[in-house]
Each structure stands twice: as structure tokens, then as C-alpha cells.
Amino acid sequence: MARSNPGLLLGLLLLRLTWCLAVDGGGVEEGGGVFPVVVSTWPFREAVRAAWDVVKTGGAGGSAVDAVVAGCSACEELRCDGTVGPGGSPDENGETTLDALIMNGKTMEIGAVAAMRYVKDAIMAAKLVMEHTGHTLLVGEKATSFAISMGLAGPTDLSSPESIEKWSNWRQNNCQPNFWKNVAPAGNCGPYHPINIPKDPVKSAVWEDQGITCQEWLQNDNLLEPTSSHFNSVNRHNHDTISMAVIDKMGHVAVGTSTNGATFKIPGRVGDGPIPGSSAYGDDEVGACGATGDGDIMMRFLPCYQVVESMRLGMEPRDAAVDAISRIARKYPDFVGAVFAINKKGVHAGACHGWTFQYSVRNSSMQDVEVITVTP
């Protein structure tokens, strides 16, 4: 048997030790990615900086989860584009409500709140759901009660002078555009009624007594067409989300979202923001995704879950992002939306449909946040 070479064995041991320190200690550059890394929808530079300040600190750095909370909280405070945090996107009643989600890609734990009233710290409320309950999603006034009971400030009026003015102007415009379809009266504020002929004979008699019939509704052209025909101005100022992904120095992934939803939404509407796999999804073993756009359409396809699972099967981030968006566009050619994808190596890309999309990135090779533009 050949004798071992002590020098060769020592060299191999040192090489393995160096590799392990690089992987476990962070600062790894592989395939274009340098950890830690923060990615966010849109040019929300201050939000990315806030997350970066958390995740870059100390020996091991702050956790990915804490960085996501810091980043989304900054956007809530700044009311990014008027679509995140309090003071924006009034519903049909003029009220602002909030949705948020946080996901830990190491444990796959998720916390979310939806249609939450009177509490402005949506992402913090979502984190409390994740850390202090066995549930995933709390909604409405019960989400409000939970958040306040756990120490968040409230109740607080989430409206602002700007949101009330926007709502008042919309009311003066006969509540147009809106999200109703197949109802009457069209072209005016509600209450609305379905155009289907009621099967209940009592209701039919009442409607006849009031001199209203479905035939008259149709003759008067009171039928609202599908939403896309009436609310065709989806943009980042009325229909948007901050979706953020962070990979920390230890390689752990977290994602989060925060939004005040679609402007003039029907009260009670919940979009894709607090829905796992739709607005965001992350897994330490694979990477992460964030989405923005027409949530009512996008949540039907769970695009971020699709992106992460495509990357798990070997797709590069760009191909996975394009594939997820293409799946939606084949069914809804007029939809507006975008996703970013980042794999566990830190390689990132984006894809969009119906608008020009921008996402923000910061990693340890950059001096500051960089904004990347993606065209359809």
C-alpha cells in the first residue's frame, strides 16, 4: 500500500476548511451573487437600505427575517408610491386597510394579515402572527384586535387627507372606474344588484313593484363589462406592493410584502399581498421570488411558488421568472404584473408583462442600491 503524503493531506484539509468557512461565514461570490443580498420590487431605495443596514451588521449579520421587517417597515413609514402603509389606496368606503406577509425560508413558517384596519404596522403584525400563533393568516377586525393585543399601536385612522381627497373625487365621478361587473346600475355608485333574474318569487315581486326588471337593465345598457374593461389603468401608483427578499450572511432566506391594496377596491377585498406563493415565496434550499401588479389575476397562478419550484428543478432565475409571467399572459393577455427571482447563489433576474418593471438590489459588492430595469 502506498504511503500517505503528509503535505498533501494537510493541503487538502486546509482547502476543505477554507471552503467551509466561505460557505458558512458568508461573503461568497458564486454565479454573480455576493451575500448578504437584498432585493425589492420597484426603486424603493430607502427600504432596501433599511434592510441592508440590518443584514450587514455584526459577525454573522442580522437575520434575513429581521431585515425584511425593517425594509418593509421603512416603506410603510414612507408610504412608498402611496400603495404601501397608511394613507393610500382608499376602498369604496374611503377607508385604507392593510395587507402584509412574512416568510422564513429556513423553517417555512409564514405569518400574514389581510384587510387589517386601524393598525399601521402591517409587516410587524404579520411577524407577530408567525412568531406567536400556530396560524398563517389573520384577517379584518380580528387581525386588528390581535395586533393591538400584542403591543402594536392602535386603533389609528389609516386615512390621510390625500386618500380622502382621492376618494371624494372618485365619488364625484360616479364611482368610476370600479371593480364591479355584471351588475346594475352601471355608470353610477351603488348599491349594485346582479343582473341575473332572481329565482326567488318574493324578490321577483318586489323588483316588479319597484318597476325594475332585468330586461330594463339590459335595454338601458346598465351591464358592467368585465373588470379589465372598466379598470384598465393598473399602475404602480394604484395597484402595487413592496415585495422583498433577503439572503443573510448564513445563506438563510426570508421574504415579505406590504401593501394597502388596490385603489377603490370593494371593501373586504384581499389581493395577492398576504397570499403565500403569490406575492412572495422563499426557501433556503432554492431561493426566493417577489411579485407585483394586478393581484386579483396573479394570485390565481401563484407565480412566486411557480418561480421557486422551477428553480428547484434547475431553471435559471431569468427563465423561471419569464416562465411564470408567460403562464399568466397566455390566459390573461391584458394583465399587468412582474416578478423578480433570486436563487440561493444570489443570481437574480426579473420579468414583466404590460408595463416596464424595475427592481432594486444591494449586495456586498455594491456601494449602494442599484436599480435594474426590465422591459416586457
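Keep in mind that glycine also has a Cβ here, set from the backbone N, Cα and C atoms.
Record features, source TrEMBL:
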- THR241: active site, nucleophile (ACT_SITE)
- ARG269, VAL270, GLY271, ASP272, THR292, GLY293, ASP294, GLY295: substrate binding site (BINDING)
- 1-22: signal peptide (SIGNAL)
Cβ neighbour count (within 10 Å, all chains shown) around ASP272 (substrate binding site): 32
Neighbour-count leader, CB within 10 A, recorded positions: THR241, THR292: THR241
Residue among binding-site residues ARG269, VAL270, GLY271, GLY293, ASP294 with Cα closest to the Cα of THR241 (active site, nucleophile): GLY293
Pairwise C-alpha maximum, in angstrom, for the residues (ARG269, VAL270, GLY271, ASP272, THR292, GLY293, ASP294, GLY295) that bind substrate according to the record: 17
Binding-site residues: GLY271, GLY295 - member with fewest neighbouring CB atoms within 10 Å: GLY271
Number of Cβ atoms other than its own within 10 Å, given for ARG269 (substrate binding site): 18
Protein Cβ atoms within 10 Å of ASP294 (substrate binding site), excluding its own: 23
Largest tally of Cβ atoms lying within 10 Å of a Cβ, found at which of the binding-site residues VAL270, GLY293: GLY293
